[in-house]
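Undergrad: Take a look at the following structure, please.
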């Protein structure tokens with residue numbers, strides 16, 4: 001287990017948070033630990049129908065405590081630290097031949113070869129909180145897929161490729177956004193980097209910081225929640241009306257919240273704007289954009305690596321790359337995790353883990 005000497009194991013933010021050399025906390029499984037975790041996931045794949053079935057959603061956090069103890073210790077401690085932008089677990093085995101080709105679309109990405117790995121990601125997530133999905137994103141799947149789609153190379157969603165995916169808080173528009181975003185790399189032959197950045201506190205003057213803590217900013221839903229990016233069967237769902245309302249009439253929010261020395265961040269580089277006519281807010285947002293652009297760093301997830309990005313402390317994106325469309329493209333499984341599922345209770349689409357935007 002690798003831990004920074006500057007970690008803080010406490011619930012309250014420190015008066016000042018030292019920045020470690022590496023802005024994420026990393027753990028490497030031994031071969032025996034990796035085999036044990038994979039075997040546990042394989043048993044789940046045999047026992048349960050699907051990762052988002054109600055029985056497995058309830059059982060996963062309990063089964064997760066059968067994962068190797070050293071891994072559980074790392075996750076329990078790292079999630080309390082004040083500084084890491086992400087928790088990274090390396091060393092999970094992926095049988096590339098058994099995995100099969102990278103699908104051409106997320107609709108066909110629930111493949112037999114990737115099924116045990118989806119269960120593995122769910123088990124890891126169970127050590128951090130409860131998973132959920134969006135009714136307006138990839139047809140309400142809890143485990144979603146990140147892969148390039150032909151024709152979408154220059155879009156503003158994760159299925160883009162030739163265009164860089166801009167930095168963002170995941171689902172920044174919603175008060176029910178994830179606390180963690182989990183990514184499991186099934187395949188990344190070209191070493192395409194995930195980008196991350198935290199709050200550039202050292203470079204923000206006091207007045208700009210004051211403004212960013214005030215509800216003077218508008219954040220609209222990103223394009224992944226649009227009807228056009230979901231199946232035709234989803235077109236009439238009432239949840240899309242809520243997305244349209246959030247896009248047309250967003251409520252002013254603060255970009256920074258919480259402890260001033262270790263604030264939580266809520267921003268989307270492509271979908272955030274100042275309130276109309278608010279020049280001071282526009283200047284503050286412009287300053288923040290420039291500082292985040294300048295502080296972006298890269299995290300490459302190799303095959304089998306898992307990252308849990310702290311969606312409260314860091315924004316993330318992805319570098320541009322040349323898609324192959326030959327069955328060997330970059331492919332990740334993705335999941336949303338909340339520390340408090342009841343926070344979003346009124347947005348549940350029925351008795352499920354799928355959120356609708358009311």
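Glycine is no exception: its Cβ is also placed from the backbone N, Cα and C atoms.
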Undergrad: Per Swiss-Prot, which of 90, 328, 334 sits in the L-arginine site along with 156, 157, 158, 268, 269, 270?
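TA: Of 90, 328, 334, 334 joins 156, 157, 158, 268, 269, 270 in the L-arginine site that Swiss-Prot records.
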Undergrad: Out of 65, 316, which is the one Swiss-Prot records at the Fe cation site of 168, 170?
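TA: According to Swiss-Prot, the candidate sharing the Fe cation site with 168, 170 is 316.
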Undergrad: Swiss-Prot lists region 'Disordered' for one of the ranges 1-21, 22-42; which is that range?
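TA: Residues 1-21 are the ones Swiss-Prot records as region 'Disordered'.
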Undergrad: Per Swiss-Prot, which of 117-135, 136-154 is transmembrane segment?
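TA: Residues 117-135 are the ones Swiss-Prot records as transmembrane segment.
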Undergrad: Determine which residues of this chain, when 194, 330, 334 are set aside, have a Cβ within 8 Å of the centroid of the 2-oxoglutarate site's Cβ atoms, and list them as they appear in the sequence.
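TA: Neighbours within 8 Å of the Cβ centroid, excluding 194, 330, 334: 146, 158, 183, 185, 188, 192, 301, 318, 332.
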Undergrad: Taking the Cβ of residue 268 (L-arginine binding site) as the centre, count every other Cβ atom within 10 Å, in any protein chain shown.
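TA: Neighbour count, Cβ to Cβ under the 10 Å cut-off: 22.
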Undergrad: Report, as a single number, how many Cβ atoms besides its own are within 10 Å of the Cβ of residue 316 (Fe cation binding site).
TA: 24
Undergrad: Below 8 angstroms Cβ to Cβ, which residues of this chain, lying six or more residues outside the transmembrane segment (117-135), approach it?
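TA: Tertiary neighbours of the transmembrane segment (117-135) are 37-38, 40-42, 44-45, 48, 51-52, 56-57, 60-64, 67, 71-72, 75-76, 79, 87, 89, 92, 94, 99, 110, 141-144, 171, 178-180, 182, 184, 186, 225, 234, 237, 239, 306, 308, 333, 335-341, 344, 349, 353-357.
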Undergrad: What is the total of other Cβ atoms whose distance to the Cβ of residue 168 (Fe cation binding site) is within 10 Å?
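TA: I get 21 for this one.
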